[in-house]
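Annotated in TrEMBL:
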type   : residues : note
DOMAIN : 97-200   : domain 'RNA-binding protein Tab2-like N-terminal'
DOMAIN : 218-372  : domain 'RNA-binding protein Tab2/Atab2 C-terminal'
């Protein structure tokens with residue numbers, strides 16, 4: 001057993017590590033509290049044997065079992081020449097959040113001009129709507145009218161908010177959504193939409209008669225330079241942790257009803273992850289957990305990265321914002337732990353989570369967010 005104390009911005013953590021047998025016959029180093037666990041609601045972030053220590057965080061070690069590589073079972077939309085495609089059937093309950101993309105595609109029309117496309121879906125992909133546009137009808141008025149068609153054709157109520165991830169289209173999308181009477185949110189949390197868009201790049205656009213294989217790459221993600229996050233958004237301790245996927249989904253669903261957080265549908269992303277798959281995460285502990293969770297919930301969280309170059313955790317929010325969330329004393333052991341945590345995310349197709357609670361023995365989480373790193377194979 002080893003003990004190392006690190007400084008993480010304003011968050012401090014004492015690492016108490018020990019190698020024990022974990023789920024899936026894997027090997028994980030656990031940091032243990034006096035009671036022998038880090039708690040989150042009715043689940044244990046780590047189930048361990050007891051160890052005497054006064055403070056705790058969690059050290060993480062990648063599983064020694066074979067990597068879990070997801071094989072996406074992709075949903076393929078119709079590639080007909082009709083201007084609109086709306087699949088699948090309308091949901092019985094109108095989704096409160098939509099995800100939207102409005103951009104040119106690698107398709108040339110009869111005028112030798114690029115074809116644009118509107119894609120709209122909800123986070124669970126209970127409905128999907130696609131419509132092509134000529135390049136001379138790209139404005140907020142046409143987009144607002146198209147959103148009205150989505151409501152009419154799909155038999156839906158307007159959503160409470162619409163997320164989009166292309167900062168280059170912010171002016172048109174914002175104006176159209178304002179005229180549509182719906183809150184617009186710049187966000188990388190368009191996970192279902194991006195998965196669908198990736199599928200269309202691979203399976204739909206190449207089948208279109210106007211497909212241009214030499215078309216230049218479309219807009220891609222360009223995150224900004226990390227900035228220092230406000231002290232009010234920091235906790236007092238943090239830990240690398242992990243939970244089975246089934247427990248992660250249960251905790252995230254619960255927070256949608258009773259607290260702060262975000263759920264992410266594994267089903268809608270077509271990820272082949274068994275319920276017992278261990279999902280890496282970060283647990284933040286704070287005596288003011290509830291207000292911290294409330295403030296954090298307004299950041300539109302997308303993901304967390306462990307950056308060994310700067311010895312810090314980077315919080316990704318909005319469309320392109322990055323924040324230095326916490327730092328640690330640079331040591332070989334600490335860097336190895338961060339690298340192992342990042343490797344574990346790759347094994348789960350980028351899935352990870354953030355949990356906020358008062359302390360390791362708190363009976364519940366004040367906030368719980370399912371997150372995902374996403375690196376599309378093509379520029380979308």
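Even glycines carry a Cβ here, placed using N, Cα and C.
Across the domain 'RNA-binding protein Tab2-like N-terminal' (97-200), DSSP classifies residues as 42 helix, 34 strand, 28 coil. Mean model confidence of the domain 'RNA-binding protein Tab2-like N-terminal' (97-200) amounts to 96 (pLDDT, 0 to 100 scale).
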